[in-house]
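> Before I ask anything, here is the structure I am working with.
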Amino acid sequence: MEGTVVLSVLVVSLLLLFTSAQPLTYDLDDRKGLGRVFDGIGGLSGGGATSRLLVNYAEPYRSQILDYLFKPNFGASLHILKVEIGGDAQTTDGTEPSHMHYENDENYFRGYEWWLMKEAKKRNPNITLIGLPWAFPGWVGNGKNWPYDFPDITASYVVNWILGAKQYHDLDIQYVGIWNERNFDSKYIKLLRYTLDKNGLENIRIIASDNLWQPVARSLLLDPELSRAVDVIGAHYPGTTTIPEALQTQKTLWSSEDYSTFNNAIGGGCWARILNQNYVNGNMTATIAWNLVASYYNELPFGRDGLMTANEPWSGYYAVESPIWITAHTTQFTQPGWTYLQTVGHLDQGGSYVALTDGEGNLTVVIETMTHNHSVCIRPPLLPYKVTPQKATFQLQGSFANIKKLQVWRSQFNFETKRPSFFEKLAPVKLLNGSFTLDLDEDEVYTLTTLTTGQKGSYSDPPASATFPKSYKDDFSVRNPPFTEAPNFADQTGVFEYHINLTDPGPHIFTLRQVVTQRPVTWVADADQTISVLGDHKWQNITVTCDVYMEKSNTGGAYVAARVNKGGGFVRGAEGVFFWVFTDGTYRVTNDLAGERVLAEGQAGTHEYRWYTLSLTVEGQYASGKLNGYLLWKNAVVLTPKNGWAAIGTRSFELAQFDNFAVVAQ
Ligand SMILES: *[C@@H]1O[C@H](CO)[C@@H](O)[C@H](O)[C@H]1NC(C)=O
Ligand SMILES: *[C@@H]1O[C@H](CO)[C@@H](O)[C@H](O)[C@H]1NC(C)=O
Ligand SMILES: *[C@@H]1O[C@H](CO)[C@@H](O)[C@H](O)[C@H]1NC(C)=O
Ligand SMILES: *[C@@H]1O[C@H](CO)[C@@H](O)[C@H](O)[C@H]1NC(C)=O
Ligand SMILES: *[C@@H]1O[C@H](CO)[C@@H](O)[C@H](O)[C@H]1NC(C)=O
Ligand SMILES: *[C@@H]1O[C@H](CO)[C@@H](O)[C@H](O)[C@H]1NC(C)=O
Ligand SMILES: *[C@@H]1O[C@H](CO)[C@@H](O)[C@H](O)[C@H]1NC(C)=O
């Protein structure tokens, strides 16, 4: 008797021991059908000017950066490239030029997004291309800060961009959006659909509305005609979740802008978590990172919030950050058109898994165990949750039951030791009766896949990081094809383009010209003046020289500036030392771009349609200025800011030209 009791106690405790050690099993099964079709992982260039400095990298570095972003089986191997349809206005880190500055103007060679799309397509002919406006030239709104009063004008403006992409660059845009993170207008969306169709662009799909899930989801449910016009609901920063109404629409759901997080290891953790969980929690089948590559001056808003960093064209230095390799875990082993399995979800001890199939027997599983503190994105707030080390068994069923072997790729963030290992190829796992077990630690990402492709691409290290050259000049005569902008100038209000005046007999045939003449339909607050910044934000003591040519009578004006401290959405509040000349014959020195804090002023004898050489020197607390080589003013006291970029610009949205720009910094 006693013996039996002892034995049964032993059996029970053994059983208990066994069950507690027994890892949880997750089925990967297609027998009950599949989930949604996967549309891809992408990057967003623009919104705004986020690729500005990339174009000025020398080869081979520029191509290497593009390879890390787009080349299949190499790096991020992105499936989607989304670009801004430039609207001549400030859209976060600068302005991007419009294909129609004026109503009767059309030019499909401005800016760098055409070039970027072609470079992406060169590497991945299947890349999905998307265009979205953030802002519009002023004429589109007929002078009002609103693009929907004349919806037919706005629709043809956007459709022109799509037609131009095909006609001039052989680029097939596949999706187009409405107005980034701003109101949509149902009438406009229907008219956009109609205008696309009328132009033979029935295949182009409309994303609405690049904002929150609401109100667009409700509008689609209430308005069948609108619902027919829209193919995808694109939400921004959805925090991996969606809402019942969005699911009810039965539309494809995307996180059409996400990430926006500093690209250190936590940024990589954010990206790993949302790439899986946007589907697991929110049924989203594409996720697009703002931004593709941090190629803008670091001191502009959201410095380094790109999948990698490439903002030193003068040195050639760039950094392939963890988000690139986190992207590779998904992108290198799936393609748009694959389908998620229904069996996706959360792991028992925290983390998530997704599985996708090509429908031809291939299977890719991506698992992440990012802890809360190591995967916080910039927005929205992330509620606390726990992840602990765990064993997890995956049981393949249905079409996958006979898979014998899976390739294994692993990233370990190793926050404790700060020695991460990203996208490492491990020995394949052999499956026993269709099952495999993993020992998952915290902060890991695994890909298990039947695909035997995949590569951690690499190039030898780029040149060392270096500060912007202390001595820099540009006479704008050596062109920078195929770009319309001069290297390193980052327009913050207005658009500064190369200009050729063949009738000029003298030294100003090749110039840089500010060309925006009307306040755009803005996205954030453009300044009332135009401004393009350049250089090192740490510059203190500096001489900035530039020839200026004002083209607006009476109230025209142009300036050179130093120690400019702000750009992006903060450009209206930019401070610095601004040396202005005006067509009414006066000059002024101000401590701010708005021109309100006057440090000095007087007569200069300046007028329109003549060239003047302005030279501004700031040293310690003092500034002085020369006009055509003669000292015009001196000893202006500058207490703040202590440092900032050099800049050029105009008093208003007006034409003006610049030539022989030079800075000498100490
Ligand atoms: C593009 O897609 C087609 C069809 O899915 C595929 O056969 C081809 O291999 C893809 N090309 C590249 C470069 O990925
Ligand atoms: C959304 O995803 C959840 C979790 O994968 C799934 O159970 C649900 O059926 C999906 N709903 C729709 C409408 O796709
Ligand atoms: C998996 O994909 C490879 C490469 O695309 C293909 O050759 C193969 O037929 C697919 N199916 C299986 C079961 O591996
Ligand atoms: C997460 O970060 C918070 C705030 O810094 C800290 O209080 C908490 O202890 C951290 N949790 C873990 C698990 O590290
Ligand atoms: C595999 O499955 C077969 C049939 O279900 C079973 O007889 C066998 O014991 C299993 N082997 C293992 C190692 O689980
Ligand atoms: C071109 O140069 C001529 C001759 O100097 C000048 O009269 C004219 O204003 C210039 N036009 C522009 C647009 O710069
Ligand atoms: C700028 O000049 C001031 C006054 O000459 C000096 O005190 C300061 O150290 C200089 N700053 C730099 C960065 O050289």
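The backbone N, Cα and C atoms fix where each Cβ goes, and this holds for glycine too.
Annotations for this protein, taken from TrEMBL, read as follows:
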type	residues	note
SIGNAL	1-21	signal peptide
DOMAIN	38-332	domain 'Glycosyl hydrolase family 59 catalytic'
ACT_SITE	Glu181	active site, proton donor/acceptor
ACT_SITE	Glu257	active site, nucleophile
DOMAIN	340-455	domain 'Glycosyl hydrolase family 59 central'
DOMAIN	491-665	domain 'Glycosyl hydrolase family 59 C-terminal lectin'
> In whole Å, how far is Glu257 (active site, nucleophile) from Glu181 (active site, proton donor/acceptor) when you measure between their Cα atoms?
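Cα of Glu181 (active site, proton donor/acceptor) to Cα of Glu257 (active site, nucleophile) measures 10 Å after rounding.
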> Just how many other Cβ atoms lie inside 10 Å of the Cβ on the residue listed as 'active site, nucleophile'?
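The answer is 26 other Cβ atoms.
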> Determine, from DSSP, whether the residue listed as 'active site, nucleophile' sits in helix, strand or coil.
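Where the residue listed as 'active site, nucleophile' sits, the three-state DSSP reduction gives strand.
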> Taking every residue in the domain 'Glycosyl hydrolase family 59 catalytic' (38-332), what is their average pLDDT?
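Here the mean pLDDT over the domain 'Glycosyl hydrolase family 59 catalytic' (38-332) amounts to 98.
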